[in-house]
Amino acid sequence: MLIIIQSLLLATTASLCIADTPVPTQIRLVHDLLDNYDKKAKPMWDNSKPINVSFSMDLYQILELNEPQQYILLNAWIIERWFDEFLYWNPDDYENITELRLPYDSIWLPDTTLYNSLVMKDDDTRRLLNSKLTTDTHRRAALIELLYPTIYKFSCLLDLRFFPFDVQVCTMTFSSWTYDQKGIDYFPYSDKIGTSNYLENEGWYILQTKIKRQEVKYACCPNNYTLLQLTLYLRRKPLFYLVNLIIPTSIITLIAIVGFFTTSSASGMREEKVSLGITTLLSMSILMLMVSDQMPTTSTFIPLIGWFILAMIIVISLGTVVSSVIIAIQKRGSLGERMSKRALKFAKVLAWFTCTSLPPHVEKEHMMEAFDAPTPLVEVRPLQLASVKESVRNKWVSGARRATQRGNSGLALISDKSTDPLIHLSPTAHQPDESISPSAPPVPSSSPLPPPLTPGPADDVVSVASELSSKFLTSRMRPKSQKDNTFAAMQSSIKANRQLAVAEFEWFATVVERTCFVIFVVAFLIITFGINFIGFIHWHQAGVEYGG
């Protein structure tokens, strides 16, 4: 019994001691604020009034700007501010405490949402910690400041027409998802995004930032929604693409042009230039694949660097085709046909344009034309001359045989001037030869050849026939060595004519080659500097416009 009485006395004494222990003021303040507080209710005594939420962002780092998928990943710090009328306290009652920290999940929070976010789970986007409460005796409300770090991944429609000299404008849209303007009204705390703690990105400049408030009426809802649009103006740093894409492409194209249109190699032919063109096209296609991997899959536009590489591919393709034509021109000389006068005249103009010297025989003919020197009017090719001689030989052999059979009947060997080629080619076809004269002695009847006929003054045909017959008979009696010399001379003439043709077409191929070299180099310079100059002008003007 005594033990029970002692236990009761100890319990009573302990309770009295606990009751007399003072409770900390801030604990008492928290208990007083949260005892009757419901975080599910909008903290306004007048429910018809909206809660004004102030929003600000301090950009910390741009982590990624993805061109193919067209999104931006960035790290930022967000501060939201609003007044909570249910959490007001009088500092005089709590030892002049004006600030308090409470967990975020113990108070009412606005459901601020990034409308164009690509991440739907809020926990993956922001990390909420504690909120700061500051009592305001004038408004009889507590100012709530919610500061939290975020990693936002949001969509941005990129304009890559001037890539890599492009400027991007990306906008983040914030608002409440459940409250319209009568529930929550958003206001920007500043008209710009803070960049005081920003870490510079290796690929992008920030030209300008802007925050704009906008009221939007949606078809689903009767009241307007207040949106905050935070805009980033970004300009790309093009040095990486200049060094790794544009300059290598330009060098490859220039080397290909030089390889296409330089003089032939030690082998004397140009077939290896086609292989050079095919190899260069393969390397350009690899560069094109590198660019396409960084571009979005779209058919609405072609980026500037795409036009550049495509133009270089066209230049190399045309160079390969022209090299094939030049090879065909060079091989044309092996056929032995000389260039026509019209083609030679055109080649002389191109040679003057490209400062190419003329071949010796062409230069000699050119000088003769300049001084009005006479040139041969008729040019008989060796093959044609041989065929003509063979035809004449056959005709006059048969005629001589007929004349021998007739004896001295006085019939003349008549040649048709309309069918005899040598009559047209000889400048003295209508004049009697000195070897045939009226005073020539007659040929005896025992001779196998008929005596020469005496040409009458009225019969030129008989005179010409007698002349040709005499020449033919004389040639029949020439020794064999003299015939061999004639054949060797004809072969030498054909060989010389072929050598002249080879020299002419080789020279013409060189002239065309140098002309195309000048044209392709000019086209290359215009394309290279023109396209990049257009991109640089756009890049520079964007910096001036947005204050970069």
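Every residue gets a Cβ built from N, Cα and C, even glycine.
The signal peptide annotation in Swiss-Prot covers 1-19 and is backed by sequence analysis. Feature annotation from Swiss-Prot assigns topological domain 'Extracellular' to 21-239; the stated evidence is sequence analysis. Swiss-Prot lists N52, N96, N224 with the feature N-linked glycosylation site, giving sequence analysis as the kind of evidence. If you look up Swiss-Prot, you'll see 240-260, 274-294, 301-321, 517-537 marked as transmembrane segment, on the strength of sequence analysis. For 422-460, the entry in Swiss-Prot reads region 'Disordered'. The feature compositional bias 'Pro residues' is assigned by Swiss-Prot to 439-455. The topological domain 'Cytoplasmic' feature in Swiss-Prot is assigned to 538-548.
Long-range Cβ contacts of the transmembrane segment (274-294) within its own chain (Cβ-Cβ under 8 Å, at least 6 residues beyond either end) map to 67-68, 245, 248-249, 252-253, 255-256, 259-260, 303, 305-306, 309-310, 312-313, 316-317, 319-320, 323-324, 327. On a Cα basis, N52 (N-linked glycosylation site) lies 15 Å away from N224 (N-linked glycosylation site). Mean pLDDT, taken over the topological domain 'Cytoplasmic' (538-548), works out to 83 on the 0 to 100 scale. Sequence-distant contacts of the topological domain 'Cytoplasmic' (538-548) (same chain, at least 6 residues past either end, Cβ-Cβ under 8 Å): 162, 165-167, 205, 207-208, 233, 235-236, 238.
Neighbour density for N52 (N-linked glycosylation site): within 10 A of its CB lie 13 other CB atoms from the protein chains shown. Recorded residues N52 (N-linked glycosylation site) and N96 (N-linked glycosylation site) have their alpha carbons 27 Å apart, per Cα-Cα distance. Non-local neighbourhood of N96 (N-linked glycosylation site): empty, since no residue in the same chain at least six residues away has a C-beta under 8 Å from its C-beta. Per DSSP, the topological domain 'Cytoplasmic' (538-548) is made up of 8 helix, 0 strand, 3 coil. The Cβ of N224 (N-linked glycosylation site) has 15 other Cβ atoms within 10 Å, all protein chains considered. In the three-state DSSP classification, N52 (N-linked glycosylation site) falls within a strand.
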